[in-house]
Amino acid sequence: MKSNGKHLHFFAIISDAVATLRGIIVPLGFGFVWGVRHLGDIIGYVLIIPLVIVVFNFFKWLRFKYEFVDDQFHIRSGVLVRSDRYIRIQRIQSVQIKTNLLLRLLGVVQLKFDTADQASKGDTVLSALKLEEAERIKAEVSRGKTQQSATAVEEKPVQTSKDLPKKIYLLSGKRLLAASLLSSKIGVMIAAVAGLWSQADDFIPDSIQGRSLSYLEHASLVGIIIIIGVAILLFWLFSLVSALLRWGFFKLSIYEEEWCIHRGVWETSDETYKTDRVQAIRIKEQWFQQLFGWCTVYADCSGSIDLEKSDGGSILVFPLLRKKELPDFLKTAIPRFSGPIERHPLPMRGTLYRMILPAAFWIVLCSVLTWWLDWGKYTFIAFPFILAYIWFKNRSEGWALIDKRLIVVNRWLTKTTTITTKQHIQSFAKRQSRFQKKLNLSTCKTFIRASTQETFTIHQLDEQDADRLFHWFRKK
Amino acid sequence: MTVARVFQKDSNMPQHERKVPFMEKRQLNPRILTIWRQRAIMTNIAFWLSIGGFVTSIFFFDWPHFLFYIVAALAALTILHLILYVFIFPTINYRTFFYEIRQEDLLIQDGIFIITQTVIPFTRVQNVETTQGPLLRKHRLTAVSVTTAAGAHEIPALEESDALALRDQIAELIKENPANEI
């Protein structure tokens with residue numbers, strides 16, 4: 001199975017250059033733009049940077065070669081630090097092909113291997129390939145895998161994604177709209193409005209102090225409310241559209257041992273995940289979703305996954321499901337995590353104990369504000385609301401232990417229900433401070449293996465329950 | 001020790017000398033106290049040096065004098081750090097820390113205010129690592145850290161021979177309890 005070393009498609013240079021440029025510009029953000037506007041002389045240098053990047057990427061492209069050597073995939077890369085990677089085809093967990101708008105215009109795709117490594121070094125990306133070439137590699141990998149396992153274990157035929165899926169879940173148009181509507185992120189919106197507000201400050205000729213306050217005096221209250229309202233509406237629309245684009249044509253096909261997730265309108269991606277990589281299932285309910293009885297299903301996987309596409313290291317399994325449909329969904333998608341989802345509430349004294357710290361923090365904060373600012377004393381009005389929210393948040397948390405499954409319900413803004421099993425827990429810790437000991441409380445922490453380190457914490461549960469969990473984990 | 005013998009009888013692993021007994025709470029080597037204190041003192045010296053640097057630069061560059069309040073606050077914090085980390089925390093931590101090797105898992109208790117007990121089943125252990133910095137080497141001690149797929153857990157100081165025995169023992173137990181991969 002020896003073949004000559006091959007280059008990527010020529011377009012890789014530009015594609016990578018754009019990616020690098022974006023990587024540089026996005027973090028610097030407005031600072032960069034500001035620099036360009038104010039330091040006219042430097043513009044020349046600014047133009048040189050992309051050129052340097054393109055040249056660098058040209059050498060990178062020249063150096064990057066891949067080939068199949070026997071049962072291994074060999075990648076040669078690196079301009080300054082040269083590296084040779086041999087990936088055993090057996091070890092490749094899945095092959096992912098995806099495109100984005102830019103690549104699609106040229107009929108080029110990206111190919112990515114998932115291995116069991118940690119996320120940072122695990123993923124191996126061939127950033128631009130002709131579609132046929134990508135398909136060829138994919139076929140080669142799956143052929144290599146079948147050959148290998150055919151010689152290794154005769155009796156077990158290897159599952160290929162060519163088989164008919166057990167079930168296909170499609171995100172219908174109505175649901176897509178609902179998902180996009182419900183998922184609009186409130187935190188992002190607030191941040192955006194705050195950002196806009198600070199920007200608005202710049203347009204006001206600078207009086208020396210309290211610029212935003214003087215601005216407040218000039219503009220009418222109604223005007224400000226309208227501005228904020230429009231801003232919120234705009235950002236909400238923006239997040240709606242981005243969600244529509246992200247989740248359009250979402251399709252989850254469930255095979256015997258795999259999930260195929262297809263999604264995206266402009267940037268499509270086809271991802272395959274082996275279900276035995278799933279370490280935990282995470283069910284998230286945002287405020288609005290909870291109100292209407294919907295939820296979003298995520299999965300925490302071991303090995304490398306695409307970090308930018310997924311949410312905080314977990315993969316999105318399905319954007320919007322009725323809570324009623326959840327048991328059936330889990331049963332078909334991943335039977336070992338399915339079953340009743342229950343929740344034992346946490347003891348009342350634990351809730352009270354957990355409120356001491358935030359209460360103290362807010363009291364101090366409000367006092368400081370009162371001390372320094374005229375309107376500071378009004379912040380105390382918010383205080384009972386914050387306390388009430390923390391109270392309800394803590395009361396809605398809980399845990400349950402059903403057979404081999406551990407269910408943990410946590411909430412900050414979104415209610416997150418995590419289901420994992422004993423075999424996926426890497427280590428288990430019981431924590432107890434001296435105060436907690438007096439109150440017979442303790443906190444449990446479970447560590448699971450995922451692309452980023454994941455822990456689930458059950459805060460302030462009864463000590464007997466903590467011991468029960470501890471022993472549950474220890475006994476075989 | 002008696003408990004240990006009971007367990008050694010029924011385990012059918014090769015009987016090379018096992019210094020670390022089963023099922024017994026084992027404390028750290030008491031010399032770790034000295035090491036912790038020495039480490040804290042070194043950090044403290046680094047703090048004092050940076051405070052000194054700050055003071056000299058206030059003088060040299062004519063920085064505003066209210067910065068001295070900040071310096072005073074920093075100095076107070078450093079003294080507090082000295083008291084806590086040299087006199088109080090090491091003894092508490094030494095008293096709370098223990099580890100216990102059971103048949104299928106390793107139990108570590110650690111903590112100063114918050115006491116944490118961690119269970120690491122041997123089936124989940126990916127590797128055992130011993131590290132030895134200059135201070136530990138001087139005292140002929142070794143730190144052993146046990147890595148799972150979700151992070152490492154450390155036993156900060158063991159007698160060198162104990163550490164090697166523990167390492168071998170864990171390695172043996174890993175072989176005995178083969179991991180159910182992924």
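Just so you know, glycine gets a Cβ as well, placed from its N, Cα and C.
According to TrEMBL, the feature transmembrane segment maps to A:12-36 (among others).
The annotation transmembrane segment is assigned in TrEMBL to A:42-59 (among others).
The annotation domain 'YdbS-like PH' is assigned in TrEMBL to A:61-139 (among others). Residues of the domain 'YdbS-like PH' (A:61-139) grouped by DSSP class, helix first, strand second and coil last, total 24 helix, 36 strand, 19 coil.
Taken from TrEMBL, the feature transmembrane segment applies to A:176-198 (among others).
Residues or ranges marked as transmembrane segment by TrEMBL: A:218-245 (among others).
Residues or ranges marked as domain 'YdbS-like PH' by TrEMBL: A:253-324 (among others). Shown for the domain 'YdbS-like PH' (A:253-324): DSSP residue counts in helix, strand and coil, namely 11 helix, 40 strand, 21 coil.
Residues annotated as transmembrane segment in TrEMBL: A:352-372 (among others).
Outside the transmembrane segment (A:378-394), and at least 6 residues removed from its termini, the chain residues within Cβ reach (under 8 Å) are 346, 350-351, 354-355, 358-359, 362-363, 365-366, 369-370, 411-412, 459. The transmembrane segment annotation in TrEMBL covers A:378-394 (among others).
Annotation source TrEMBL lists domain 'YdbS-like PH' at A:398-472 (among others). Summarised as a single figure, the pLDDT of the domain 'YdbS-like PH' (A:398-472) averages 86.
Tertiary proximity for the transmembrane segment (A:352-372) is limited to same-chain residues at least six positions away from its ends with a CB under 8 Å from its CB atoms, namely 379-380, 382-383, 386-387, 390-391, 394, 435-436, 439, 441, 459-460.
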